[in-house]
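Under the heading domain 'RCC1-like', TrEMBL lists 132-466. As annotated by TrEMBL, repeat 'RCC1' applies to 148-199, 200-253, 254-306, 310-363, 364-415, 416-483, 484-519.
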Amino acid sequence: MDASTSGTSSVQYHNIAEQPIATIVTSPVSTFQRQVRHCFGNATPGEFPLSANPSIVLHATCSFFRQPANFAPDNELSLAELAAFDMCRKRAIFKPMIQEQRQDLKGKCGGSWKLVLRFLLAGEACSRRGNSHAVAGPGHSVAVSSKGVAYSFGSNSSGQLGNGTTEEEWRPHPIRSLQGIRVIQAAVGAGRTMLISDTGRVYAFGKDSFGEAEYDVQGNKVVTTPQLVESLKDIFVVQAAIGNFFTAVLSREGRVYTFSWGNETKLGHQTEQADLEPRALLGALENVPVVQIAAGYCYLLALACQPSGMSVYSVGCGLGGKLGHGTRTDEKVPRLIEQFQTLNLQPAVVAAGAWHGAVVGKDGRVCTWGWGRYGCLGHGNEDCESAPKVVEALSNVKAVYVATGDYTTFVVSDDGTVYSFGCGESSSLGHNTAAAEAQGNRHSNVLFPEVVTSLKQLNERVVQISLTNSIYWNAHTFALTESGKLYAFGAGDNGQLGVELSANQTERAIPERVDIDLS
């Protein structure tokens with residue numbers, strides 16, 4: 001474009017003595033009127049169609065490289081917005097959306113396709129949906145391969161394995177009635193299982209009630225094969241989380257729904273214990289898209305995506321300070337945890353243990369809060385922390401993943417090293433080496449983060465940890481490697497490890513390979 005339109009020259013001349021223009025030009029030049037050239041048409045001088053409609057540039061570039069441009073030209077979008085929109089179109093959750101749904105999501109994300117893309121990518125990363133993962137539930141376990149095949153094993157008294165029986169099984173078997181259905185996420189609770197398909201459908205089996213306590217009111221019947229949850233058929237679900245007294249699901253638009261809290265002082269809506277109708281979570285999250293949910297003992301954490309960045313909200317029971325607001329009071333509706341702003345930390349992954357919470361920041365810092373019994377907060381003591389506090393012992397570690405259970409915490413670093421701390425019962429921390437057994441402290445508690453050397457010796461990069469998040473069951477732990485290998489350790493008295501134990505053996509201290517390939 002003509003630089004003279006700004007009134008001053010944008011070109012700097014060096015080593016040229018200033019002199020009249022007439023002495024530089026040796027021959028007369030006829031006077032002429034400046035013309036502005038355009039790519040096409042007779043547009044008004046000064047306009048530049050390519051800048052007015054940058055999607056033409058992107059279409060031309062795609063054509064040059066013989067790549068299809070999967071969108072129509074849009075003269076209201078910048079190049080960056082068009083590129084972000086094209087990347088959104090390639091995400092599995094975004095593809096089936098109609099135009100109205102896409103625009104609605106764009107509005108919730110701040111009116112930008114770049115923010116929509118950040119929302120989609122954040123959800124995929126923090127919950128591993130669509131990727132292989134394992135869930136160490138109370139008494140039984142579920143593992144999902146990258147191809148969407150779900151395997152179950154362990155306790156089956158309520159049909160929670162989904163294999164049509166109530167017989168316990170330690171060998172992992174695919175859930176055959178789901179053949180042809182691609183599972184992207186699994187949630188496991190005491191006596192129940194929920195699986196999410198790539199089409200947003202939810203299948204549940206085990207105890208027929210979503211809302212009863214683990215050892216309180218029993219469901220009226222037992223469901224031994226996966227059944228479609230009819231009340232969710234109009235909601236495209238991407239994640240589920242099962243807590244005590246309630247279950248929560250997350251829609252692809254970032255809306256949170258809950259079942260059966262049974263008390264309006266907990267989530268702001270009144271339900272019955274056996275209520276199967278989903279209720280949208282009220283309060284601050286009504287118009288804020290959520291990318292991940294995590295359920296603990298009578299409380300829920302939600303990782304939200306806002307134009308200003310990522311944030312965490314909590315709601316429910318505040319016992320032990322586990323809601324992270326600096327108090328131990330309950331919260332009826334979701335409330336923003338403000339401490340992360342004070343710490344200048346952008347949350348990237350959130351985890352809800354039975355009594356404590358944890359977050360990994362974008363910069364790799366780890367924060368924990370709540371009831372610090374057995375050292376599960378990693379601060380070197382058993383004190384309660386009612387607001388998120390950085391784990392200083394991990395200051396030299398760049399964390400990428402965190403998992404919490406009943407007074408236990410695991411952290412995975414960017415190089416695949418695993419750290420654990422908290423309650424050492426059931427050998428679920430992975431520190432029970434031969435030396436520890438010789439000293440008689442196989443089940444000792446760990447107050448500071450320690451490297452899980454038994455996993456380090458595998459020479460496999462660990463990408464996910466899952467551990468039992470229940471106050472009623474002995475805990476076990478899964479470690480999933482980058483190559484899709486699954487290792488288990490901890491309590492295995494119901495077959496929940498997926499490995500065969502010798503006679504009179506109820507737990508395994510050293511990680512053992514589970515005979516399934518999740519790659």
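Each Cβ is built from the backbone N, Cα and C atoms, and glycine gets one as well.
Whatever TrEMBL says is automated annotation, not expert-curated.
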If you average the pLDDT over the repeat 'RCC1' (364-415), what number do you get?
97
Under 8 Å Cβ-Cβ from the repeat 'RCC1' (484-519), and at least six residues away from its ends along the same chain, one finds 132-134, 136-137, 139-141, 143-146, 151, 153-155, 168-172, 426-428, 430, 432-433, 437, 442, 454-455, 458, 460, 467-468, 473-478
Its residues classified by DSSP, the repeat 'RCC1' (364-415) shows 6 helix, 23 strand, 23 coil
For the repeat 'RCC1' (484-519), what are the DSSP-based totals of helix, strand and coil residues?
0 helix, 18 strand, 18 coil
